[in-house]
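Student: Okay, these came from TrEMBL:
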{"type": "TRANSMEM", "residues": "12-33", "note": "transmembrane segment"}
{"type": "TRANSMEM", "residues": "74-95", "note": "transmembrane segment"}
{"type": "TRANSMEM", "residues": "107-127", "note": "transmembrane segment"}
{"type": "TRANSMEM", "residues": "139-163", "note": "transmembrane segment"}
{"type": "TRANSMEM", "residues": "169-189", "note": "transmembrane segment"}
{"type": "DOMAIN", "residues": "333-432", "note": "domain 'Calx-beta'"}
{"type": "DOMAIN", "residues": "477-576", "note": "domain 'Calx-beta'"}
{"type": "TRANSMEM", "residues": "827-847", "note": "transmembrane segment"}
{"type": "TRANSMEM", "residues": "859-879", "note": "transmembrane segment"}
{"type": "TRANSMEM", "residues": "900-922", "note": "transmembrane segment"}
Amino acid sequence: MPLQNVSTGVVAFRGIVYIASLIYLFVGVAILADKFMASIEMITSKKKVVKVKDENGKTQTVVVRVWNETVANLTLMALGCSCPEILLSSIEIIGKGFEAGEMGPGSTVGSAAFNLFVIIGVCNWAIPDGQVRKVKRVSVFLVTAAWSIFAYLWLYLITAVISPGVIEVWEALVTFAFFPITVLSAYVADRHVHIYDYISKTYRMGRNGVIVEMTTDEAEVVNSEPNDRINCFKKFAEETENEEIREFENHRRAFIILLKNLRRKYPMLKSNQLELMATKEMLNRGSKSKAFYQVLASKMLTGRVVEHSSRRPKLNLTELFQEFHPSSTSPAVQPRNIDRQITKVFFSPAHYTVMENVGQFDVTVVREDGDLERLVFVDYTTEDGEATAGKDFEVNRGTICFEPGVTSQTISIRIIDDDLYEEDQHFYIRLLNIRTGNRFEYLCGKDSEDDSCTDVQTRGNHIGEHSHLRLICPSMATVMILDDDHRGIFSLSERSVSLTETVGTHVMLIVRIGGSRGRVAITYRTEEGTAKPNRDYLHSQGEIIFEDGETERHVLIQIIGESLYEKNVFFYFTIGEPKSIKDCVTVNCEMRRSIKTLESGAAGNTCIETSRVTRYLQFDANGYVYVTRRRLRRNQLSEQQRIALRGRAQLGEVTTTVIHLKESKQFKKTVDKMVSKANKSLKRGTSSWLQQFIDAVHMEEENEEAAGDGTAVPEVAITVKKNKWKEYTSHAITVFWRLVFAVIPPECMGGGYPCFFSSVVCIGIMTALIGDVASHLGCSVGLKDSVTALAFVSLGTSLPDLFASKVSAVQDEHADASISNVTGSNAVNVFLGIGVAWSLAAFHHSYNGTVFHVEAGTLAFSVTLYCVMAIIAIVLLSVRRCDAVGGELGGPIKYKLPTTALLIGCFILYILLSSMEAYGIMNGF
């Protein structure tokens, strides 16, 4: 009851105290959610070993994740995000003697409104202008969105239609039963069970004229760049019905496509640098769990230093796919502690990237476990991909023998080097027919001229006869051949140079990277800035020629010294367009066509020679190509012409060097060290109680690291801490909660389960305190419990979700973590939160022969209002997938601003109308 005979000042003071107490309790819940979500992430990262058979009956052992990502999001993740609301409903029911209250259901409905309208609205606004985030798993989004609306419609039906004002036992049980049904339907949508065969497919023509089927995702990757040549891959993923093997081959395919695209974008990089960049990109593409962003947001909110790590050990292809694609069931690192009696043979690593001029290199095959003293034979053969045997690599097939005690063998592969510029290509090496035998069989297979003895394709599969031997994934290796016949990318070695006026002569270095085929001429000249020619330096202009294979040339610049102590002037040194000289590169041998760049024309004048006529291609600064008098764009050229254009001599990024003469000391500090802050890793868990107490009282400091060698694309730090006082203030506010919750077992102990259950108990205690303080707040200022739950409790318990979703929206490539998790969580809140609480109350009243009453008025009105607005919001998000916007989140400002305003406006209108109905200002149901 509201307080009687209490002055307005006292009421205001008590209201402020209770609001401050609620805020402090919400901070504690956010910190506790940090540990809770860390334990959930530990649990969901668990793996198991399974044995699968492919279409040939071969048994393979793979390591897969126990938890499917969608199931984890709708169970443990939803429980972690909405645990306060779920526990509040149960605690309120028990505290009121198993009678219905308004705080629990009100906070559940209010939290759903906040999640759908405010969180998605903020995520939409947080996307940088011009960028778009699109839901990738549309089927999961549609299923969870439908369940999220049905959940609240079901609440209205059981409170106002089916049995008005009374909740029967079967209604409560059905409400709870919808929870596993929701999880199951989302899982079916995620795995495309019984639907895949009916989905429209995309087809493409392979290199040898074979029609190959592609999934939608693969079609998007292949068509991501209009000028990309269509990639040809073996249909290993389509041929197998095994989900694990198909997923692994799809990841292999994505890795190869990514590597080729990076090669086109950065042709100057070496093969190991390209692999490192591809690895980092695969890490970024990998979907992160909701727990990851929950922990990240909690650390950001409470003043902990949060940075993203790019310094990870280099992984082989198999390890990379399993660790950073948690939604997949790809093969991971091969099992070491099981099936010790079985000898396993596989490639390690499964992918090789080599230059075309590498000549010969070795591929490693590894044997593990079982009887290592046994003589084991494995056949191998090379298979065409985009690269063709006899043209790009030499055919190699035969048998390798593991002698007793030998655990690894190598296969020698020879790459054919030519003088033609062509696309980067790949081929395969396959292992097959693992068996035991005698040395005579091996010698026969190695030395005999008889086809029956040497042709590995005609040998039978002996795996069934030797159950103690097994080829496991990856039993096929991929070799990517990087072409080395590019004319070269010409660039200056430095963007700016600082010199003293007494230096006399300075050497300017012009480098040629990404290829060095043919003779190329390039012009250079100096241009004045604040420094004047013949006063500060001698003007220089001319042309230098790079011979075939030459990668560096030098130009001397004369600096004129003066008797001036202070001097700060500059001038420029620039290079012009490179031109190939009297060189011809074959593009299509069958048509006897070639491309040759002549010296005429500053932009490069190229001719195409055929058996009948010579035609000229003229490249201008805007990327147009002229064929005789007809003007063509690049996308109108043939595939052979596009390949030849990509191989011509080009300018690099640095075409002008600024030369500073005697600048001030402050100018020497031109290197910005902010990028180096992106190299610290995010610490998610602790391994001991002592470390938890140390972390609770210790203020973390930032350590600066070097940004690297400058070859990779710089990454952006998650946060850049400039205002230290904010960190210290946040630390001082939260240190009490950190010390209190340090008694919870560490996340790494017992697989995360002790931390999980301890966190649930602590959240229950905190939730009881929040409910009690919220009730006192409403009593002090005259607010009803339903309004308090909508306006205060739901807001405070959902703030960690808001920041977690905002971070995931900005950092993720897709919008699934921001949108699908919201809709799924809203459905689970009703089915799990209210379902459990009402089931307890319904059983209690049924046992005692009484009836569980629930007033339908306020709840029914809020639920109906929410459902109407939720339908509007979901339709709006669906419409935004059109071509004009491109995705549910972000886009041009003219679409982003109205979307955010509409969603936030829906939430404000929902709170106002629900509050007016609660106080009788307007009539409800």
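Each Cβ is built from the backbone N, Cα and C atoms, and glycine gets one as well.
So that I understand the layout, could you describe where these features sit and how close they are to other parts?
Tutor: Tertiary proximity for the transmembrane segment (169-189) is limited to same-chain residues at least six positions away from its ends with a CB under 8 Å from its CB atoms, namely 68, 70-71, 74-75, 137, 139-140, 142-144, 147, 151, 154-155, 158, 162-163, 824, 827-828, 830-832, 834-836, 838-839, 841-843, 846, 852.
Within its own chain, the transmembrane segment (859-879) has Cβ neighbours under 8 Å at 102, 105-106, 109-110, 112-113, 116-117, 120, 145, 148-149, 152-153, 155-156, 159-160, 786, 790, 819, 823, 888, 899, 902-903, 906, 909-910, 913-914, 917, 924-925, counting only residues six or more beyond its boundaries.
Long-range contacts of the transmembrane segment (900-922) within its own chain (CB-CB distance under 8 A, at least 6 residues past either end) are made by residues 110, 113-114, 116-118, 120-122, 124-125, 784, 786-787, 790-791, 857-858, 861-862, 865-866, 869, 872-873, 876.
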Student: Could you pull out which residues elsewhere in the chain have a CB under 8 Å from any CB of the transmembrane segment (827-847), counting only those six or more residues past its ends?
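Tutor: For the transmembrane segment (827-847), the far contacts come to 74-75, 78-79, 82, 85-86, 89-90, 92-94, 98-100, 104-105, 108, 111-112, 144, 147-148, 150-152, 154-155, 167-169, 171-173, 175-179, 182, 854.
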Student: Counting only residues 6 or more past its boundaries, what in the same chain has a CB within less than 8 Å of a CB in the transmembrane segment (139-163)?
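Tutor: For the transmembrane segment (139-163), the sequence-distant neighbours (Cβ-Cβ under 8 Å, at least 6 residues beyond its ends) are 70, 74, 105, 109, 112, 116, 171, 175, 178, 182, 185-186, 189-190, 192, 195, 816, 819-820, 823-824, 826-827, 829-831, 834, 854, 856, 859-860, 863-864, 866-867, 870-871, 874, 925.
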Student: With DSSP helix as H/G/I and strand as E/B, how many residues of the domain 'Calx-beta' (333-432) fall in helix, strand and coil?
Tutor: 3 helix, 51 strand, 46 coil
